[in-house]
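Over in Swiss-Prot, the protein carries these features:
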- Ser324: active site, charge relay system (ACT_SITE)
- Asp335: active site, charge relay system (ACT_SITE)
- Lys349: active site, charge relay system (ACT_SITE)
- 8-22: compositional bias 'Polar residues' (COMPBIAS)
- 119-201: domain 'PDZ' (DOMAIN)
- 1-22: region 'Disordered' (REGION)
- 31-51: transmembrane segment (TRANSMEM)
Amino acid sequence: MNDHQKNHATSQDDNTKSTPSKNSKHIKIKLWHFILVILGIILLTSIITVVSTILISHQKSGLNKEQRANLKKIEYVYQTLNKDYYKKQSSDKLTQSAIDGMVKELKDPYSEYMTAEETKQFNEGVSGDFVGIGAEMQKKNEQISVTSPMKDSPAEKAGIQPKDIVTQVNHHSVVGKPLDQVVKMVRGKKGTYVTLTIKRGSQEKDIKIKRDTIHVKSVEYEKKGNVGVLTINKFQSNTSGELKSAIIKAHKQGIRHIILDLRNNPGGLLDEAVKMANIFIDKGNTVVQLEKGKDKEELKTSNQALKQAKDMKVSILVNEGSASASEVFTGAMKDYHKAKVYGSKTFGKGIVQTTREFSDGSLIKYTEMKWLTPDGHYIHGKGIRPDVSISTPKYQSLNVIPDNKTYHQGEKDKNVKTMKIGLKALGYPIDNETNIFDEQLESAIKTFQQDNNLKVNGNFDKKTNDKFTEKLVEKANKKDTVLNDLLNKLK
């Protein structure tokens, strides 16, 4: 699963209504794309998750005649293989395989069965520090992909981006492997390294990342001139309380315009998203709609909006790593015209899941319902489009250049364009973005090699490629161009 997965239920005194379920459940948002948080992040994921706190007994009630016959067939096969197969079989493995098969048939990347060990791993780290690389992952179509790297995490610093596909861990293929197994491969001791082979576009590249301890802060506040920037990293217990305190502090400092930075926020607890919306939206208004077939429920605000928040203009900054609970909050603020949304289109996670635990500690997680914004927008697979688009600089979204090939002057290759864009961003004289390796590029590479104590030959070889990537990541981490663009727009 992931190094830090938020699977704790919301507290009973939360203002969030329960989901339309007969069981005692608590609503929680989870992105279920398991966070590679090897450095720590945590699958704080962000699909809305409904957590069941009851243990499941062996019940056959509610089944029709055909379903009872099917269940009887399954029991017969289980008993036959357990008793008569010529080699001794593990009862637990037979059971797990049967359940895995049923869940796999759903063809739903967010539904799965977890063993007791996997469930324990899933539930661990509800709070505190974690060791990992800080990248949230999910499995879809047999591929492991990154949902979002955690802010300031080793993964982000190494250049991992949302939607990167992880094909290998330490040069071992992870294609088709269970997500929890991949996470185990990525996790390790603090200070050790893990190499991820990532595919971005059509290119693959190895990225070496140093594992570290991560402590995830829910809300961070920074005064930028006459604007307050509040970075919300995830929706966890008391995130709304932390945000309230930060807004009150900003108000006392004379701040009347705040930016809520939700970039790469994978989600978390749904009730916290509702409470956070309640800071800006008055009592009795719908924040999110839940639908399961014909059954519908609306989660509404229960208090008046925060007085200090009413005095402020609000801008929300999002990107493709903003998911689930982030989208619930953003969707509500957008529908009620409480904020202007900037950045790029969000991830698009609009489904609700339920987890039910068995008496042996194992667990099944399955998609149960979907959610919609107050105005009825279903964003699953679509995301939320910002009111004002702020593009990420070209050099921050370049495809990786394979490091198993050396490029020379005269070659024609799409990766040559990537070299030119990157070197231009680093300040080297490039006046075209063609895919032809020309004299100007060779000259720029020679200067780059000289500046970085590399062998000066004008060829784009592995060592040059590695340093090229390192410098681009360093530049991206040093200057937040998207936030700066937004701050300039607000002047």
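Even glycines carry a Cβ here, placed using N, Cα and C.
When DSSP labels each residue, the domain 'PDZ' (119-201) comes out as 18 helix, 32 strand, 33 coil, counted as helix, strand and coil in that order. Cβ contacts within 10 Å of Ser324 (active site, charge relay system), excluding its own Cβ and spanning all protein chains shown: 35. The average pLDDT for the domain 'PDZ' (119-201) in the predicted structure is 85.
Lys349 (active site, charge relay system) sits 5 Å from Ser324 (active site, charge relay system), counting Cα to Cα. The Cβ neighbour count for Lys349 (active site, charge relay system), using a 10 Å radius over every protein chain in view, is 31.
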